[in-house]
Amino acid sequence: MKGYLCLQDGTTFEGKASRHFDRNVQGEVVFFTGMTGYQEVLTDPSYKGQIVVFTYPLIGNYGINDEDGESEEIQVSGVVMYQCTDVPSHFQARKSLGTYLNEQNIPYMTEVDTREVTKAIRAEGTQQAALSRGTDYLFQPTKGHQIQQVSGEKIETYGEAGMHVALIDFGWKKSILNALLERGVRVSVLPFSKVEMLDTLQPDAIVLSNGPGDPKDTVDVLPLLKKALEKFPTFGICMGHQVIALAFGGDTTKLTFGHRGANHPVKDVVSGKVFLSSQNHNYVVKEDSLNGTPLVTRFYNVNDGSIEGLMHDSKLIMSAQFHPEAHPGPKDAEWLFDNFLTLVKNKGVKTHVS
Ligand SMILES: NC(=O)CC[C@H](N)C(=O)O
């Protein structure tokens, strides 16, 4: 059966529709360039509501396992691939990717020229798109604020003892929690709408999580958050990084087409080193908006020069636009967790160098 990926600019792509192609889905269309990591991408809450195009031509070859989910369920609205294998091969594989998508009623398309789709997105920018049975899909107005859809409602605690970190939940990935637990940290996951609870929790440090949609959706909590940032050592990851910039009076803007993949080079201006990073974002901090704020740029993207991380000029506040927790992608930036936790332990103030 035929299916169509319809972009809002009128371009359409034909492909083969999956078994559960019985409802049209609309979402922002984005492309991910990693060769592996599809399970992590599909379950990462930062992808909430998006239609993901995998540019690598063969997806699903190691199946779906019990370990790699970043949350309990698939978060994307639809998936577009060139080829999706029905016969996975891996000792941990529990089911095929197609079965997993069908079980959760997520429509997907195969036999799509994903290179052509990617070229269209690169030329015209990230936009709304639909998976539809026909080419005449009628676009609906979009409803914002995806963070509310993925952020939890109550405080959850993990780990027994050790330094206490509050993980502010904008839609956290399991790998961020794991990176902290592996380092002997006790974690309280705190919904972003309950930031005022930090005064009761009195953590040793806070980590601001990743999350879906526009970082400006957090505007209501920014004044409270800024007070917390000035009080507790803070590390912001992806949306958390963007929120730190906004809280201190910086600004964010949307890239024409975001960074999503496992090999984005980032330069650390402190060490002069370049490393590869895992990325998934549409928005970036505007460099000129940092003038007059206490934030300075620590990391740059080597490809397009955009800001990849910040540090505060006098407090222990640091951030990364990329994903040091990886999953998917290289672990080359994992040292940032060690760096941050060591600085917290040593009450590091000015130096952010490991
Ligand atoms: N992974 C994230 O936290 C993404 C942040 C934000 N939603 C963006 O697209 O830029």
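For all residues, glycine too, the Cβ spot is worked out from N, Cα and C.
TrEMBL has this to say about the protein:
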DOMAIN    1-132  domain 'Carbamoyl-phosphate synthase small subunit N-terminal'
REGION    1-163  region 'CPSase'
BINDING   Ser46, Gly211, Gly213, Met239, Gln242, Asn280, Tyr283  L-glutamine binding site
ACT_SITE  Cys238  active site, nucleophile
ACT_SITE  His323  active site
ACT_SITE  Glu325  active site
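Where TrEMBL records a feature, it is marked here on the structure.
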residue: Ser46; record: L-glutamine binding site; Cβ contacts under 8 Å, 6 or more apart: Gln75, Gly171, Lys173, Asn210, Gly211, Pro212, Cys238, Met239, Asn280, His281
residue: Gly213; record: L-glutamine binding site; Cβ contacts under 8 Å, 6 or more apart: Lys48, Gly144, His145, Gln146, Ile147
residue: Gln242; record: L-glutamine binding site; Cβ contacts under 8 Å, 6 or more apart: Pro215, Gly236, Thr252, His281, Tyr283, Val284, Val285, Gln321
residue: His323; record: active site; Cβ contacts under 8 Å, 6 or more apart: Lys173, Ser175, Asn210, Ile237, Cys238, Ser277, Ser278, Gln279, Asn280, Gly329, Ala333
residue: Glu325; record: active site; Cβ contacts under 8 Å, 6 or more apart: Lys173, Ser175, Ile176, Asn178, Ala179, Ile237, Glu334, Phe337
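In the three-state DSSP scheme, Gly211 (L-glutamine binding site) is classed as coil. Residue density at Met239 (L-glutamine binding site): 29 other Cβ atoms are found within 10 A of its Cβ, drawing on all protein chains shown. The residues near the L-glutamine site, meaning same-chain residues not in Ser46, Gly211, Gly213, Met239, Gln242, Asn280, Tyr283 whose C-beta sits within 8 angstroms of the mean position of the site's C-beta atoms, are Phe170, Gly171, Asn210, Pro212, Asp214, Pro215, Cys238, His281, Asn282, in sequence order. All protein chains shown were included, and the count of other CB atoms within 10 Å of the CB of Tyr283 (L-glutamine binding site) stands at 20. Of the residues the record lists as binding L-glutamine, namely Ser46, Gly211, Gly213, Met239, Gln242, Asn280, Tyr283, the two whose Cα atoms sit farthest apart are 13 Å from each other. With a cut-off of under 6 Å between the Cβ and any atom of ligand 1, the recorded positions Ser46, Cys238, Asn280, His323 reduce to Ser46, Cys238, Asn280.
Around the Cβ of Gly211 (L-glutamine binding site), the number of neighbouring Cβ atoms within 10 Å comes to 29.
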